[in-house]
């Protein structure tokens, strides 16, 4: 018993999860390569894994009722379209003539109507808008001038409703010069409005917003929505831009600014000229909003179902045409087709097959969806509604021979009108807001999608190497620095010098550098506020000024805060401090990418494809120069190329060229894109300045580190 008590206790073995972590850290290079390869493969596999869409909310019941829109409604709509078109050829026409015409027809149908005056919003940078509700800034100076736009808003009060919910129809048009397509979109909305004033089944109010887009479609819709949800008042309690009088006759309306209930859904109706060679009319759907927001998938499914099965329209979503003729994509599609054939031969139940054409179109559509979401800018006026948590899409009917519309106006008005009627009937059936189906998804076709549970797998695989590489670098640098300090402490010359304590806290010096660079990123984020104060400055000048001021600010911040960029005070170990710097940089990049994936997955996905290779391969060029081997030369060349390609302006032009082409690209386009991010309060701007750019600077610092 005494012998057993005196015996040393056996050393406890680490837990399996700890052993796995140590194994991954010790083999971080192999694991990183495997994860990145698997992540890219999984990303290319997404079109194969796409599922058919389905309607989750049973209450929608699309197509369950026969259309009620009659030829009489269409005939009245055609007369209305002719009146709208005739305004363009009158010598005494004014910018307010069509508004009064629309209002008069709404009143004749028995609906309520009012006018909403607005001014174009000044595109001025305000950093606080990124942390607040939708933009409240409007141009209030000189708001009585003749440059304001006038929205005409019509209302139908539901006979079976309580006024707490509404459905919005939006028809943008240029009141100064109305095109044929805009007139036809107004006609479609008028035919639906004419029908809905007579039906008894309506349970939600209907709002028809004829948006005056002479200052832009976004400005007109955004101004009305801002007034609808957060009205601004003058000293008398009257809204600043409201008007209850006809802009042409001065006839008074009963209410100042009419409102209905909470918006259940919004449909933006547009008609454009189609191709002469098209076999039938095409319905283009646009759903992307700011920060990668998407409407509930059920809304898209209802529109797609009714358009295909009810009106025999060909439904399309935007795709990148540059990928359709790509040789490498066709080769990849043939490879997946062969793999699917082999899989079915092994097990007929494995539904892995996909045709070559389907894969190419699915990839082009998926790339377009990723690209539009990553840009952070909406693809249509529907994007304004998503900022108020309203599900909305833009339905653009690309009609055959619209210019020669006299041959087929009734057919177009009947098709479009019955489609909108069916969507309204389905949304009218809902007892609550859209909550079934998906809000996070990527489309590969109008009837196929990739859900969040699938498309997050490539991101997880791509970002997984970052924490492992950071831990491996930290462990390696700590071990080497500890070994150097032991040698220094054991040498005779240093016998009287006490050993350095707290060696495990050396990473704080690297963390200080990373922290200062990210503080600089926040300063860079605010610099455009001062540049925007200069009026009528060209985009190229603004971009160059931004770059120069950013570099100058970095030097000033380093001098003021005492940045440890040089790290020359690390006597005897400065050659290994770059590994700690790289470790903390990778940890910061991983944190930023993971946070961004919650806000906008597409931006995080594209950012991962750029940052992971750059951060993982960054290594001082002096070390590769001293090695004088082919491997070190190739690594140094790859690092230089990656640093150049990942610089934000360069990366923007490369992605734009690869996905949509650079035929009309200009250097100032990057500044224009940044301005659009301000307008829509896009988090992509915050990510670019406070995550992507600081990581790029830190990787440059790692490359030029003195060793």
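Cβ coordinates come from backbone N, Cα and C, glycine included.
Of all ranges given (580-600, 664-684), TrEMBL attaches the label transmembrane segment to 580-600. Checked against TrEMBL, the range among 487-503, 606-622 recorded as transmembrane segment is 606-622. Within the chain, the transmembrane segment (606-622) has long-range Cβ neighbours (under 8 A, six or more residues past its boundaries) at 32, 36, 39, 370, 374, 459, 462-463, 465-466, 469, 578, 582, 585-586, 589, 593, 596, 635-636, 638-640, 642-643, 645-646, 651, 655, 687, 691-692, 695-696, 699, 702-707.
Long-range Cβ contacts of the transmembrane segment (580-600) within its own chain (Cβ-Cβ under 8 Å, at least 6 residues beyond either end) map to 291-292, 373-374, 376, 456, 459, 463, 466-467, 469-471, 473-474, 477, 506-507, 509-511, 513-514, 518, 567, 607-608, 611, 615-616, 618-619, 682-684, 687, 690-691, 694-695, 698-699, 701-702, 705.
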